[in-house]
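A.B. asks: Just passing along the structure, written as structure tokens.
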């Protein structure tokens, strides 16, 4: 301090009072204040000297060192209020994020489901996967694993937008159902009534009718991506033989169980004979190696079509593969024709009509996939090449199949859609107990029709079920007491170039108490999207739904 005081005094003496720099004094003068002169500096020196004297006097009073400074009183200091749990600046749904109150009941289910998804992701080598789960209409978990864009290391998150592929069929069904409810569409008259551009058809010389109802459930006979009728028929014959063999084995096991599990040489010989005969028939009827959808050229179309009517030229002149109504053949092209029917029945362009539906359902991130527009949070899509290396999928244009597989969405929007369908399905059951309930987007009788399995159909992603109207449906069943119980659920999967998806709805098994004290929707909805093609996700979604259903049953 002596040195500081001496320096100040010396500077004042040599510079004529400009000890603090002329710049500062000039600034002081510009503010209209008195100039800083030697008197001001002298006053400063006097003050510093007095302070130093007091300090020295205090130090000379005792020989013992001064005690350490006391810690500040925490009561005297201003305290910052702690952040509440929901205000913590952590990524939503990360393992470190404090769970919102309505999700804490499902901590076990979330941990278990996250582990399951990690295992599925690792098994198939998927770059990224996003999941969303709602319970009784409330979203309780959504999370992204891996990368939406591998090259730029962009992680998946709940807002990630991906191709939903054939879940688009379920969206199109809502448009058809709304037109049917309004009396603008008859499901059972020939499609030429609405779309005369589609030619009348014959099968084996007989004139046949293709209707909207048959198109919805894939019973029209219109082809899928495979153009070779012979290959398709061989494949169907082989599948039928395989299914018959499985049914025979199941019947034999059932008969054995009813007899107390006892077997005999006669039964064993008969079983061996059946297996041998079926194996011989299988060798004779087994088709040559069938290309899967991703080996079909039409899946990779790059041509842009202006509307659904123009898209019909891809298949409208092809022969039917079988008589309408007689067999099931999954067909995305059938939904291209349905889009044209929606246009003619509604008076709107198909995409405009669908955007109105998305707006009503609050599905604000669901759009048709186009390459030119900037779509925020859109993922990139991947496949493994012949060398088992991860590569980007080629450019495709989905304008020829908006209705059957051309939309983009998020897990959150798919949950909203699933809950809207579940609400409409259940609201009629609750009406007597609660007259204040709003109507569903679709009427209860409409949803019952949509979720009722149709005869002669197949549900390829779960052999226990049947195809209904743009949904696969598994019905409730239990064969033996204290044994496996099959839950009723509806779902649709999707497979596109570089993408896989599933939307699954598991309705609650309602009792009288629930009908009197609860409101719809009641049940679990699961949506999963993935930026890797050929990933089967239905069984994973069902396992996740059942995990959340377990935790849900424990809520008081």
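Every residue gets a Cβ built from N, Cα and C, even glycine.
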A.B. asks: Could you tell me which of the ranges 249-290, 291-332, 333-374, 375-416 is annotated in Swiss-Prot as region 'Disordered'?
C.D. replies: 249-290
A.B. asks: Counting only residues 6+ away in sequence within the same chain, which have a CB under 8 Å from the CB of residue 304 (N6-acetyllysine)?
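C.D. replies: Non-local contacts for residue 304 (N6-acetyllysine): 397, 399.
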A.B. asks: If you draw a 10 Å sphere around the Cβ of residue 349 (N6-acetyllysine), how many other Cβ atoms fall inside it, taking every protein chain shown into account?
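C.D. replies: I count 15 other Cβ atoms within 10 Å of it.
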A.B. asks: Test of understanding: give the count of other CB atoms lying within 10 angstroms of the CB of residue 166 (active site, acyl-ester intermediate).
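C.D. replies: Other Cβ atoms within 10 Å of residue 166 (active site, acyl-ester intermediate): 21.
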A.B. asks: Going by DSSP, is residue 166 (active site, acyl-ester intermediate) sitting in a helix, a strand, or coil?
C.D. replies: coil
